[in-house]
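The following features are taken from TrEMBL:
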- 75-85: disulfide bond (DISULFID)
- 5-96: domain 'SRCR' (DOMAIN)
């Protein structure tokens, strides 16, 4: 099933904090497993070209993030969209 994604909180649709619609809820992704390969897949899915910056998830830019809906995302970087990656559901309580 498709996993809708958005980059939220900035002026451009290709910049901002990542949120995914997973099991009917918009939420964030835990840092575990999120890397440049996953960012490549997200940018491909959104039609945003190559990722330029993947900030540290615990940086001030992540303050105020919505509760986590995914504990882990594992991508090779070649997938056409995030739903083709390995996605492990999670909740805010399971995020460090």
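In case you wondered, yes, glycine gets a Cβ from its N, Cα and C as well.
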The predicted model's mean pLDDT over the domain 'SRCR' (5-96) is 81
For residue 85 (disulfide bond), the nonlocal same-chain Cβ neighbours (under 8 Å, six or more residues apart) come out as 38, 41, 73, 74, 75, 76, 79
Provide the three-state DSSP residue tally for the domain 'SRCR' (5-96): helix first, then strand, then coil. 20 helix, 26 strand, 46 coil
